[in-house]
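What Swiss-Prot records for this protein:
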type     : residues : note
TRANSMEM : 18-38    : transmembrane segment
TRANSMEM : 39-59    : transmembrane segment
TRANSMEM : 63-83    : transmembrane segment
TRANSMEM : 86-106   : transmembrane segment
TRANSMEM : 125-145  : transmembrane segment
TRANSMEM : 182-202  : transmembrane segment
Amino acid sequence: MSEIKDIVVQGLWKNNSALVQLLGLCPLLAVTSTATNALGLGLATTLVLTLTNLTVSALRRWTPAEIRIPIYVMIIASVVSAVQMLINAYAFGLYQSLGIFIPLIVTNCIVVGRAEAFAAKKGPWLSALDGFSIGMGATGAMFVLGSLREILGNGTLFDGADSLLGSWAKVLRVEIFHTDSPFLLAMLPPGAFIGLGLMLAVKYLIDEKMKKRRAVTAPSAVPAGETGKV
């Protein structure tokens, strides 16, 4: 149970692929102009990570070490192609919005990195959990950044949610404030860099506060041989 908890905590927070490893910055900065786009790409990446880790782990005993990287890339490309066709079939509006960034998941360092660092050494179910945790950590970072940029840029949240979740999701759209001229800095890549920098700073402050709290609450060590002395 402790290993499962450690995998989840590492993926979601301590070793977050976007906020700690800073991997996959190209889609993170390019696609997160709205919360819907960010959530869509994040969930697609999570699905690819989970299925890829599961497949790589299941085949690890029959994968020659000399050609493992090309095999990993072939597995990732196959999974990404399947996910791309699913999005094209069931969420065509989102498919058009994400464009080239769906097939570019193949080249995402997160996917190859987890296949090499974790899935090639662990069992299938732990590997699938690792992929899911890493993917959800990246999805969370994308969603927060996309929400921040959409609110500051357009004054809305979940605009175009129907392209991801269906026509019923139109009711999810919220207008935080009305604006006739969008705040372009928030919508363009420079705004994504600024938003990501703010998120990194907030995570650092939270981590430092947690370290100080643990240091205060930790019991003081008793030197060996001192117990029982008057």
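Counting starts with 1 at the first residue shown.
Cβ coordinates are placed from backbone N, Cα and C, and glycine is handled just like the others.
Outside the transmembrane segment (182-202), and at least 6 residues removed from its termini, the chain residues within Cβ reach (under 8 Å) are 18-19, 25, 28-30, 32-33, 141, 144-145, 148-149, 152-154. Residues 44, 47-48, 51-52, 55-56, 102-103, 105-106, 111-112, 115-116, 120 of the same chain, all 6+ positions outside the transmembrane segment (63-83), place their C-beta atoms under 8 angstroms from a C-beta of that stretch.
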